[in-house]
Structures are given as C-alpha cells and as structure tokens.
Amino acid sequence: MLLTALISGLVLGGTYALVAMGLTLQYGISRIMNLAYGEITIFAAFSAFILFSTFGINPLLGMAIVLPGAFVFGYLIYGVMMQPLVSRSSRTGSLEVDSILATFGLLFVIQGVMLITFGSNYTSYNYLNFGVNVLGANIAANRLLAFALAIVIGGVLFLVLTRTRWGTTIRAIAVAPASAPLVGINVNRTARFAFALGTMLAASGGVMVSMYQTFNASMGVVFTMKALVIVIMGGLGNLMGALVAGLLLGLVETFVATYVDPGLTLASTYLIFLVVLLWKPAGLFGKAAGR
Amino acid sequence: MTRTIIGFVLVGLALLALAFMPTQLGAYGVGLLLGMTGYVTLASAWALFSGPTRYISLATVAFFGIGAYTVAVLSEAMPYPLVLVTAGLIGLGVALVVGLATLRLAGVYFVIFSFGLAELVRQLVTWYEVNVTGTLGRYIFLPISATEIYWQLLGLAAITLLIGWWISRSRIGLALKVIGDDETVAAHTGIDISRVKLALFAISATIITLVGAIQAPRWTYIEPAIVFNPTVSFLTVIMALLGGANRLWGPMLGAIPLFLLFEWLSANFPNHYSIILGLMFIAIVFIVPRGVVALAEDLFKRARRKEAAQ
Amino acid sequence: MTQLLEITGLKKQFGGLTAVNDVSFSVGEGEIAALLGPNGSGKTTVLNMISGALSPTAGTIALAGERISHLAPHRIAHKGVSRTFQLVKILPSLTVAENVVAALAFRRDPLWGSRATERAHELLAEVGLAGRGGEHADDLTYIDQKRMELARALAAEPRLLLLDEWLSGLNPTELRVGIDLIVSLRDRGMTILLVEHIMEAVRALCSRAVVMNVGNKIAEGPTAEVLADPVVISAYLGEGHA
C-alpha cells in the first residue's frame, strides 16, 4: 500500500512537474501570467481522446499530432493577444495585470468551446490499462508510460536549456530581461518561442493525463492552480525547483487521497501553498525576495 | 460643500425612486432589477479593493458563495438578521486569513490565490456535506419576497457607494493614491501598506459575502455547484473594468448594461454564452483598459484643451 | 556629543555580490555628516538599509540606542527617519501640496484636513516653492521636484534626515541657497547624513565624513583630514595619484 502510493505519487508528480515547467517558461521568460494554461492541458486531453476513440490513433502517436498543434496555437496566441499587451506595457508597465485579465478571458473562451464540442461529462478511455509489477507494487502500465514520457520530455528540455546556446539565451532573459537586448538577444522572438514551448508542455501533460485519469471540460482551473502552486513552491522561473516541487505535490496528493480522503486533495495543495507563502515566499528553492 | 449636499439629495431621490420601482413592475421586472442591483453592488465592492491596488481579485464567488451557504445552513437555527451578521463575519474572517497570507507579497501571489479560492471552498463544502452531513444540497424556506431582497440589495449598494465616497476623501484614500503612485515613497512616508490593503480587502469581501447572503433566499434550493459558479467572479470583474474600477460610479455604469446584455445572451445563446463573454472580456482589456469613465474624461479633457488652443 | 545613529558591522549581499561589507560608523546628535565614495561604493545601499528600503544581511543599525534594522520602512519612518531619493521620487498623480500632505497625514502624530494643508504650504515656502502647492507634481522642473521631495521629508519632522545627492544638479546660486537651507535645518536640531559628490558642499556643510570604497569603509574623521587622506584620494582618482 505504502509502496503503491509512493510510486503512484511519483508518477502523478512527473506529469505535474512537466505541466509546471511549461508555466514557469511562460511566466519566467515571456512574462505572461497565463490563467488559461490548464484549459490547454484539458483541450489536449480531449484531443488525445478523440484521436484514440474515433481514429484509433494511440496516444503516443497522438502526441506527435497534438504537440505541434499546441505549439502553433501558443505561437499564434502570443502574436495576436500578448504582443500588443507587451508593447503597450513598455508605456504603462502593466503587463502582469493585463496578461492576467486577458488570459482570464481566454480561459472562458476555450472552456466554452470545449463545453460545446465535448460536453460537460467526465471522459476517459482504455489504453494500456493493465497492471505491471514494480518492486512488488501493482501500477497501471499507462501510468508508467506517462511517467517515462515526462522524464524524457522534461530531460530533453532541461538539457536544451542548460547545454545549448539557445537555452542560455532563454535563461539570460529570465534573469535580466532589460539587459538581454544589449548582448544582441531578440527578446520578443525568444519570448514568443518560450510561450509556444510552454503551451506545448501544457498539452503534453494533457495527453498524459488522458491516458490514466478521467477529465472533463471544466477541470482546467484545477490544473492551472496546481501548476501555479508548483511554480511558486519551486521559485518563479526556476526549472529545477518546478521539477522537485511537482514531484512533491504529486506525492502529497496521492498520500492524502490514499490515507485521508480523495475529496481533500485540492485542500492539501492549498495548505502547502499557504505554508510556503507564509514561510518562504520566494519558493523553496528561490533566492530573490517575494517583493 | 453645497455641491456635495446637492449630490447627496439627488442620490437620495434616485434611491427613493428606485425603491418604488417594484410597484410598477411585474415579477420578471423585479427579478431583473434585483439581479442588476446585486451585480452593481458586487462590482462596486470589488472595485473598492482591486481598483486602487491593482490586485485583481478573482475570488468574488468564493465570498458570494460563503454568504449564500451560511444562510442555507443557518436560516432555520437563527433569526434572519443574525444570520446575515454571521455570514458577514465568516466572510470577514476568511478575507483576513487570505489577506494576511498573501497581501504582504507581490500582487501576483494574491491573484493566484484568489483564482483557486472559489474552487477550494467549493470542494471543501462538498466534502463536508457528503462526509459529515450526508447530503449535497439544501433548501431555504425563508418568507422573504423578491421585493424585500431587492430593497436590502439597494440599501447595500447605497452603503457600498457611500463607503467608496468616504474612502476617497479620507486618509485611507490618500494612502491608496500614494501606494498607487509609488510604494517605496508610501512606505517611507509612514504608510503601513499591507494594513491598508488588508483593510480594503476585508471591507470589499464582507460586502460581497453579504450580497450572496441576501440573494440566497431567491434560490430556495442550493448546492455548491450553483452558488460557487465561477461566472459570478468573471462577470464582476468585467463589469467593474468596463465602467472603470478607479471611479466611484464606474463599476455601476459597467454593471447595468452588461447585466442586461448577459441576461439576453443567456436566454438566447445558452451554449455560446461563455465564449461570447470571454471574447468581450478580452476586447475590454484591449480597448478600454481603464474603463469607459476614464476614457470619457480623457476625451472631454482633450476637447477642452483643443477649445482652449483655438 | 551623544550618538543618534549607530551602525555596527553592517553587511549587505545580493546573491554572491557583497555591496556593503562590515561597515561601522556613527553620527552624533545635531551633526551633519557626509557619506562619501566613488560610484558603486555602496553609499546608497547603506542609506537604503537605514531607511528600511533594504534589510541588512548582517549587522545592526540603532537610532538613539534603539535597534531599527529589520523594521519595516514605515515603522522606521515613525521612529523619526526621513529621506530623499537619489533619483527623485515624486507622486505624479498628486499636486505639489498633496505630495507634502501625504507625509503629514501618515507621520507619527498625523495632521489632516485644513491644518495639514496649511502646514504643507509653510513647508513648501521653506524650500522655495511658496504659492505653488496647486501645481501638478508632474509639471515641476527637476530642481523643483527635488525641493518638493525635501519638503515631503521635512513634513515628518525627522530626527535624522538622509539626503541622497540632493544638492547635485543645482546651479551655483541654487547650491548656495541649498547649503543655507541645510545649515538652518541643523540649527533647528536636526541630524543630517548626506551622500554627495559636490565636494564644495561637503566641505562647507559637514563636520565629519565617512568614506566608502567597493563596499568597505576606508576612512572616517573630520572632513578636511579625511579628504586629504592619500587612501581616499587614490580611491577617487585611481592608483598613482596618491
């Protein structure tokens, strides 16, 4: 029981960490606080479901369709919606508030589209739904696959950001957005790319979630919320922090669901959030002060 | 001074006229008037805090729902006025806890927290009802007519506007302007920034809780999914923004036309309702980020300047 | 002379960078002291820690024997510390008089209403802005904004006034007036710590000077002596001039 909970927790945490990494890219580099983030995750979950149940495309292949789609969507949204706000903010300095409001509107648009297209019922499908013995604990194969995917995608992302020239560019912007242009970095193009990449990560989390969990059109808020909590716990813009905090949250949720009550998982997320805010507002791994 | 008195007399007369409106309208008309007054109060109360501080609160329905649920739970155990007071106190308590935890920090933490607060409270109430009381959903049998609810809301709306007017002339109002201009200067002139923010958030949240409590008897049947409907938070923000969250009458001017529009939309496009709302919201952020009242003021000033130049 | 401000072992780190390193000095009651040093030597960081804008990594700051380090800026303001800013900070949406009223309304013994307005106009007259309270703070020239900022700092009736390059940017006539104004503040019993690059003013005003370089205190003493110190000269002009 304990071992099962531990492994399930890590598996869930892997998905969370991946989703949160996307959000931290969007906020840390593009400076967009995206409240419609979870809607992308859910939309991707539905897309994977449609691809699987209607066209018989398995989620692994489905990812090859959904992820580029999400990237393009993020790229377009940034160009159409965020770019004007960014250029306006150089005068008003209100990008944060404006982006929060604009994406709050976007949340309702995407949610409305999903409600019309997919209805409001809980949805799920059967894919690799058999148990596998891991160190004596029985874990569903789809969960293990999701975990493996999270590790691969997260690992590639981490290597790209820490080992490539492009990754250095991105991190430079996160640290000093004002000075980046001085060393010849095109902040605008990088911000747009990072936003699109973040959208793609949100979608990849959605495909994984669809493999092992039921979901419905109004669940996006919960995913946004969890991703935000993880990002804050890990320290804004800190990728490694998001990874550790994501795994931690997955563990806590699974343990609360197993040993306390499944109805209290969100409450436990919030409790952690409160404790972190009161105790270490800069995040568990953050250095800068909250203010 | 005389202008203030004339203003108060005019507002008083308008209130009196509004109070008599139900005698001229049918049940549908009263319902419409009631809903509109509710949203005028919500948007004005929201703007009390979020307007000057720029801390966007997305938690309106959390407090609204707390108010409504308190009435549902306590309406048989206590006299009605006491129920309202209790609801207000619970809202105040929650606001203080949330405010103390988040308002010391940068604005984004507060927004994030408020964003999920309604969902959290909804899940907690659901959990409590299922596990402790064993029922999900409650009936409210209170002998309060729609007109009486309307009168209470009208009174609360008037009080909210009065508080807004009083704040704009008081030291708190000046403190808010200073904070809005430059927080460093504010702190160095001796303003306790977090306390000012906390006080305003508490006032705003208590009023919002009371709106929920007063409106509760309209439903007769209540369950978490009904009273914690995120659309309420959404509508409140969009109304206040359209009118202008930094002006006393702004939220009201945004609430009235938008409420009527939403009524029409939800009757005619029940499925596409939230998409249309979302698009309108985005349009408002892009076109009138400071609200129509501020926009009109700007146009007026420009016109006068042109006149002066000629 | 009793010491009003006592700074002991003050240290400030930003990440790996040490901006202020183990700085100790004190300022006597009723004294005008200068905090000097080349650009980037940590002077403004020290002022920011005294006023509470930054909190020290280590060390203590005491005002009249009472520890004020780690207090929030508004609490420190209420203990009797006021300041001006290196890059003048105005409240652009308010009028000139309201800028000063803001400080009167939130000091330890607040003034409000007509009494605050009256007092604000007096203070404005004192800094050379008589009759200009109705103008928008935004519309003032840079120099007049500096004057207004001083009036705002004086509104709190501080025991300790921190001036961060308040005199720089003034023309010779204005400089004379500015120096006289600061002297008159001291004569009323105010203690002043100023960061300044105009040596003429420092010599005229300050009985004592503390010199910093790359975060460390390198000299302290009577102004004339300190300014003649070879270590100080080389810090300002580079090696080879000493």
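Keep in mind that glycine also has a Cβ here, set from the backbone N, Cα and C atoms.
TrEMBL annotations: computationally assigned, not manually curated.
These features come from TrEMBL:
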type	residues	note
TRANSMEM	A:6-23	transmembrane segment
TRANSMEM	A:35-55	transmembrane segment
TRANSMEM	A:61-80	transmembrane segment
TRANSMEM	A:100-120	transmembrane segment
TRANSMEM	A:140-161	transmembrane segment
TRANSMEM	A:193-215	transmembrane segment
TRANSMEM	A:227-252	transmembrane segment
TRANSMEM	A:264-285	transmembrane segment
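Within the same chain, the transmembrane segment (A:61-80) packs against the transmembrane segment (A:193-215): three or more Cβ pairs sit under 8 Å, each pair at least 6 residues apart. Sequence-distant neighbours of the transmembrane segment (A:6-23) (same chain, 6+ residues past either end, Cβ-Cβ under 8 Å): 34, 37, 41, 134-135, 137, 139, 143-144, 146-147, 150-151, 153-154, 157, 197-202, 204-205, 208-209, 212, 223-224, 226-228, 230-231, 234, 239, 242-255. Listed by sequence, the residues of this chain that lie at least six past the ends of the transmembrane segment (A:193-215) yet keep a Cβ under 8 A from its Cβ atoms are 11, 15-16, 18-19, 21-23, 25-26, 29-30, 32, 34, 37-38, 40-49, 59, 62-63, 66-75, 77-78, 82, 122-125, 127-128, 140, 142-143, 145-146, 149-150, 153, 157, 170, 173, 223, 227.
Beyond the ends of the transmembrane segment (A:140-161), by six or more residues, the same chain brings 8, 10-11, 14-15, 17-18, 21, 60, 63, 127-132, 134, 167, 170-171, 201, 204, 208-209, 211-212, 239-240, 243 to within a C-beta distance below 8 angstroms of the stretch.
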